[in-house]
Amino acid sequence: ILESKCSKCITQCLYVCVYVISLFLFLFQGDRMWHFAISVFLIELYGRNLLLTAIFGLVVAGSVLLLGALIGDWVDRNPRNKVAHASLFIQNISVTVCSIVLMLVFSYKKWVEEIWDGWLTVVCYMVVIVLADVANLASTALTIAIQRDWIVVITGYNRGHLAGMNATMRRIDQVTNILAPLAVGQVMTLASNVVGCGFILGWNLVSLIVEFIFLSRVYRIVPALSVKPPVTEEENYLQRKRERKSSQGQTAMLPLCFRRLQGLLSTCKEGWRAYYRQPVFLAGLGLAFLYTTVLGFDCITTGYAYTQGISGSLLSLLMGVSAVAGLLGTIMFTKLRKAYGLVNTGMISSGLHLACLLLCVCSVFAPGSPMDLGTLLHGNGSDLGGMTGGGHQRHGYSLQGGSNQPLLPDRSSIHWTNNTVLFENAPPGSTPESYVSITLLFLGVITARVGLWSFDLTVTQLLQETICESERGVVNGVQSSMNYLMDLLHFLMVISAPQPQHFGILVIISVLFITTGHIMYFLYAPFMSLYPTYECCHPHQKLL
C-alpha cells in the first residue's frame, strides 16, 4: 500500500494501524485486569486461602490442554469475522456474568452460606470457576484468530511488516501487564471487592462495544480477511478418511453422543498430528519447554524473594525494570531480524537467554542462598505451609534455625498488586546473612527477559510464516495446549518442593528445561536453513 503512493490507500493503511493498535490495547488491558482480579477474588471468596485459586489454575490449564486442538479447528473451519465476533462476545459476556455473580456473593456472603447448609456457596464457587474458564477458552480462540492469523493477512504477508506488528503487540502487552493490575488493584484497595467487580463489569461492557467496532472496521477495510484458502487435496483425503471412520461407527450402531465424542477425539488426534508434521515443530516445542520455569515474576518467585528479605516496594520496582527489559527485547528482535534474518535471530536470542540464566544458577551456590538438600532428603518438604503442629507459628518468616517456610505464607497478611506479593506486619529478622544470592537471582531473571522476549517473538513469527493458512488455527491451538502442559509441570515442581530451602533445586531444574527448549531450536535452525524461502500456503500470496 505504501509503495503504491496512493493517498487513499495510505490513509486506509493508517486507519488499519490505528484500529489494530487500539484493538490490542483494549484486548490486553481487559485480559490483564481480569486475570489479576479473578485470582484475588477467588482468594477472598475462600477465606483468604489459595485452594480455589489452585483449582481454577488446574481447570484452566486442563481445559486448554484438552480443547486446544478443537478450538483451533473451529477457528480454521469458520469465517474470520464470525470467529472473532463470537469469541469476543463469549469472552466478555462470561466475564460480565461472572462479575455479577461475584458481586452478589460478596454482598450477601453470610446469607448465601446459610442456604442448603452451605452448599449454595459451593455452587457459586463452581459457577465462578466455570464462567472464568469459558472466558479463558474464548480468549484463547480470539488470540489464535487475531494474533496468529489476522495479523499475517493485515500485514500483506510481508515479513518486515509482520515483525514490526508482532513487536508492537508485545510492547502493548508489556505496558498493560503493569498498568492493568495496578488500575484494578487500586480500585479494590481504595474501595472494596464489590466495587472492583463493578469496575471489571463496566470495563467489559464498554470494551465489548469498542472492540466489536474496531474488529468490524478492520475486517471491512482489509478485503483479504474475507477470503479463506481452498481445501487442499491432503485435507480432502483426511476428510474422506474421517468420514469412513464415522460411517464405520454408524454401522456399529453407536449412540449419537458416542459418535460425536468419537468425532471430537478424531479431530484432536488429527490436530496433534498436524502439529507434529510442521517444519517448525521443534521450535514450537522448544518454546513450550520455556514455560516450565520458576524464573519469572509470578507469585512463586516473588514469594521466595520476600523470604529472603526483599520488601514489597522493591519487588514492584524490580518488576517495572523487568518490563523495561522485555521492551528492550522487542526492540532487539526487530534490529536482529533485519540484520541477520529470522532464524539467526532466534539463535542469538537463545544464547543471550541462556547466558543470563547462568547468573541464576550461580545464585544457588552464592553466599546467602538458603538451599539445604537435607530438608528435601528427610521429607520435610511435606510440611506444607509450616503448620504441622498447633503450637507452630502461623507465618514462618525467619530463616534462622533451619525452619521450613512455605514459598507462599497465609493469605491473611498478603496484598496482591501486579502479580507481586506484598506482605504486611512482617516480623523483624527475616533478612539473610548475605544479599549476594538474591541479587544474582534477580539480575539473571531481569536480564534474561531481553533474550526471552526476542526468542518468543522469533518463534511466534516462524509459526505465522511456516504454517499453512488452512491449519493455522488447529496448529496454534495445539501449541497453546503444549504451553499449558509445560506450565502445569512447573506448578507440580513447586508442590513437590515447596520450601525456600528447595528453591535452588527448582532453579536448576528450570534452567535444564529451558536449555532443552533452546537445544530443540538449535536442532531446528539447520533444518530450516535448507529452505530459505517460506511459502505460507496461500494461493495468491507469498511471504516477502
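For all residues, glycine too, the Cβ spot is worked out from N, Cα and C.
Automated prediction, rather than curation, is the source of TrEMBL annotations.
Over in TrEMBL, the protein carries these features:
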| type | residues | note |
| --- | --- | --- |
| TRANSMEM | 12-30 | transmembrane segment |
| TRANSMEM | 50-71 | transmembrane segment |
| TRANSMEM | 83-106 | transmembrane segment |
| TRANSMEM | 118-138 | transmembrane segment |
| TRANSMEM | 175-194 | transmembrane segment |
| TRANSMEM | 200-219 | transmembrane segment |
| TRANSMEM | 280-306 | transmembrane segment |
| TRANSMEM | 312-334 | transmembrane segment |
| TRANSMEM | 346-366 | transmembrane segment |
| TRANSMEM | 435-455 | transmembrane segment |
| TRANSMEM | 503-524 | transmembrane segment |
Next item on the list: Might you confirm whether the transmembrane segment (503-524) is in contact with the transmembrane segment (312-334), defined here as three or more C-beta pairs under 8 A between residues 6 or more apart in sequence?
Entry: no
Next item on the list: Could you check if the transmembrane segment (435-455) is in contact with the transmembrane segment (280-306), meaning 3+ Cβ pairs under 8 Å among residue pairs at least 6 apart in sequence?
Entry: yes
Notebook entry, point to check: So, do the transmembrane segment (83-106) and the transmembrane segment (50-71) meet, by the test of 3 or more Cβ pairs under 8 Å (sequence gap 6 or more)?
Noted result: no
Checklist line | Residues of the parent chain within Cβ reach of the transmembrane segment (118-138), under 8 Å, 6 or more residues beyond its termini | finding: 34, 38, 41-42, 45-46, 52, 55-56, 59-60, 63-64, 67, 71, 87-88, 90-91, 94-95, 97-98, 101-102, 105, 112
Next item on the list: Count the CB pairs under 8 A between the transmembrane segment (346-366) and each of 50-71, 200-219, 280-306, 503-524, then give me the winner.
Entry: 503-524
Margin query: Are there residues at least six beyond either end of the transmembrane segment (50-71) with Cβ under 8 Å to its Cβ atoms? List them, or say none.
Written below: 38-39, 42-43, 125, 129, 132-133, 136-137, 140-141, 144, 264, 267-268, 270-272, 275, 408, 411, 473-474, 477-481, 484-485, 487-488, 491
